[in-house]
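Undergrad: What follows is a single structure, and I will ask about it in a moment.
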Amino acid sequence: MNVKSLRSALSSYVFLLPALVLLVVFTLYPVLYGSYLGFTEYTAANFATNQPPKWVGLDNFRTLANDDLFKTGVLNSLKYLLVVPALQLASLAVAVLVNRQLPFIAFFRAAYYVPVITSISLAAVMWDWIYNKDGTLNWLLKGLHLMNPSSNESWLLDPNTAFWAIMFVTFWKGFGYYMVLYMAGLQTIPEELEEAARLDGATPWHVFWRITVPLMQPTILLCSLLSTLSAIRVLEEVLVFTNGTGGPLNSTYTALLYVYKKSFGGLDFNYGLASAAGLVVAAIALILSVLNFRYFRDGSARA
Amino acid sequence: MTRIVAAPSRAAATPRAARRPLRRTLNTVLIYAVLIGIFIFAAFPLIWTFIISITDSNSVTTGHTVYDFPASLFPARITVANFFNVVRTYPAIEHAFFNSVIISGLSIVLTVIVSALAAYPLARNEFWGKAVIFGVIVATMVLPTETSFLVNMLSLAHLRQIPVIGPLLGIGSYLGVVLPTVSTAFGIFLMRQAFLSIPQSLLEAARIDGAREGQIFRGIMLPLSMPSMAALSIFTLVNTWNSYFWPSIALTGSQDKFPLAVEMLKLKGAFNDNIFNTAAGAMIMMIPILLLFLFAQRFFMRGLEGATK
C-alpha cells in the first residue's frame, strides 16, 4: 500500500467516523444491550445505584407468559394487522386512480398525502372531535339513517369501538404514504402492456388484477412488509388517543404499549421485563417478515 | 378561470373519445366523484379544524360548542382572535414553537452533514473494510429496535452524569433528543445515490489539479448534490417537527424544552372547554409544515422514493 492510498483510506475513515459512532451508540448498542437486558433483572433502582443487571435466564419470559395484560397486548397487536390488507388494497387502488393525466390530478395527489405529514398528536386532537359523542361521525351516521337519532356513541370511550376507531386513523394517516410508493412502482410498468390488453378488450378490472397487480409484486411486497411491521409495532396511536391508559377496559392495549409502560410510562420501571417483552414483539415481527416474503414470492412464482 | 374549467371537455373532444362522448363524459364525472370523495376523507379533519380555529366563538348559537352540524361548518363570523387567545392564555405554545424550530433545525443540519460525510467515501473511495461498514449500515435497517428507546434513554441518563458536556448532550437537552436520530441508513443512502451520479471525471480532474479530499467534497460534491440535500432536509424537518414519542421521553424533566408535537396534547387537555383555542393551536403547528410541503413537494417525494430504492 503506497502513501497515497493510505491517505485516501485514512480520510475515508475520518469522513465515516461521525455516522458510525452515532450508529453504534444509538442503534447497534441499544439492540444488543436491550436483548441482553431481556434475560436480566434490572430496574430503575438498580440503574440509579449503578448495580449491573442480574442474569435470570428465562424468568422474564415466564412472567410475561403469565401476565394477562401482556397477552391482551400481543393479541391486540396481532388484531391490528387487519389494517394491512385494507390499507394496501386501498392505496394501490388510489395509486392506479391518480396515476393518469387529468386536470387537477396533482392537487388530489398532494391532498391525499397531507394526512401523512400530520403529526400523530395533531391527528389525535382532530379525530377526537370527529369521534366525540356530539362529533361529526355521529352527525353523519344519523344523517344517513345508519344510527338511531337518540343514541350518543362516544367512539373512543366505548371498549367495543375504541380499538377500531384508532385503527381507522392509522388507515387515514397511512394510505397516502403507500399511494406514493405504489405510484413509483406503477411508473415501472410498460404502458404498452396495459394498452395492448385494453385493445384486446380487457375490462379495467381485468387489467388491474391480471397485469397491474402481478407486475407490481416487488412494490406490493415492500409495502405490505412495511405496513405489517408498523402494525405489529403500533404504539403512538394508542398512546396519544387514550392518554397512555390502554383505552377503555384495556381494549386498545398493545404489546409495545406494555414495553413502554414497563419502561417509563407506568410505575414499574422494570427494564428487564420491558426488554423481554420487546424481544417477543421483535420475534413476532421477524416471523411476520418471513411469512410476508414467502407469501409474496410464491405469489410472483405463480404469476 | 374559464380556461381551467374548460380543460376536461377539451380532452373529451379528441377523435377517439368523440365516438363515445357520453360514456367518456360519464367516466370522467365518475372519476372526479371518487377523487373528491377521497379528498373529503383525507382532508376533512384538517379543514374542520381550520374552520373551528377561525370561528368566532361568540357567534356559535349553542354557546361554547361547535358540535352543531352542519351550521358550524359555515361559521357566521370569522375571526383570528382564537390565535391571539391561545398564545396569550397558554404562553407555553410560543415556547414550544421555538423548541420545535431548534430541534428540527439541529436535526436537519446534523443529519445532512453526517449523512453527506459518510456517503462520500462509500460512493467514491476504495478502502479496507468498506464492504463490512456498508453491511453494518444496511443491517441497521432490519434490526429489532423495539427496546431502543429504553436503552437510548439510559445512555442519555449516563451522558448527563458527565461534567460540562452532560447538560449539553444528556437527557433533557436539545442535542439529547436530536443525536440518536441523526445517523440513519436512509440519509446515507440518499446522499450516496446523489454522489454516485456525479461524473467521476470531474473528481479526477480536480485531483490532478491537486485538490485534497476535503476540497473536492466541499467544492464539487456538495454543490452538485443540492437537490438531494434539500430532499433530505425537508424529509428530516417533517419527521422531527411531527415526532411525538421520542421527544416526550428524551426531554423527561425538561418540560420547558418540549416541542409543539408534545405540547399539543397538553393543550387539548388545557382547553377542554374551549376547542376554538385548541384548534388555533393545532393550526399553529400544522400551517408551517403544510406550506413547506406544498412548496417543496417535488423534493419531498424524491426523498421518499430514495428511501425505497
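Including glycine, each Cβ sits where the backbone N, Cα and C put it.
What TrEMBL says about a protein is an automatic prediction, not a curated fact.
Annotated domain 'ABC transmembrane type-1' per TrEMBL: B:97-296, in sequence order. Residues or ranges marked as transmembrane segment by TrEMBL: B:29-51, B:96-120, B:132-151, B:171-195, B:216-238, B:275-296.
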Undergrad: Quick one: find which recorded stretch in B:29-51, B:96-120, B:171-195, B:216-238, B:275-296 has the most Cβ pairs under 8 Å with the transmembrane segment (B:132-151).
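TA: Answer, by Cβ pair count: B:171-195.
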Undergrad: May I ask which of the stretches B:29-51, B:96-120, B:275-296 has the most CB pairs under 8 A with the transmembrane segment (B:216-238)?
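TA: Maximum Cβ contact count belongs to B:96-120.
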Undergrad: Honestly, do the transmembrane segment (B:96-120) and the transmembrane segment (B:29-51) touch, with at least three Cβ pairs under 8 Å and pairs 6 or more apart in sequence?
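TA: The answer is no, given that the two segments have fewer than 3 Cβ pairs within the 8 Å cut-off.
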Undergrad: Are there residues at least six beyond either end of the transmembrane segment (B:275-296) with Cβ under 8 Å to its Cβ atoms? List them, or say none.
TA: 46, 49-50, 52-53, 55, 57, 66, 82-83, 85-86, 89-90, 93, 97, 100, 230, 234, 237-238, 241-242, 260-261, 264, 267-268
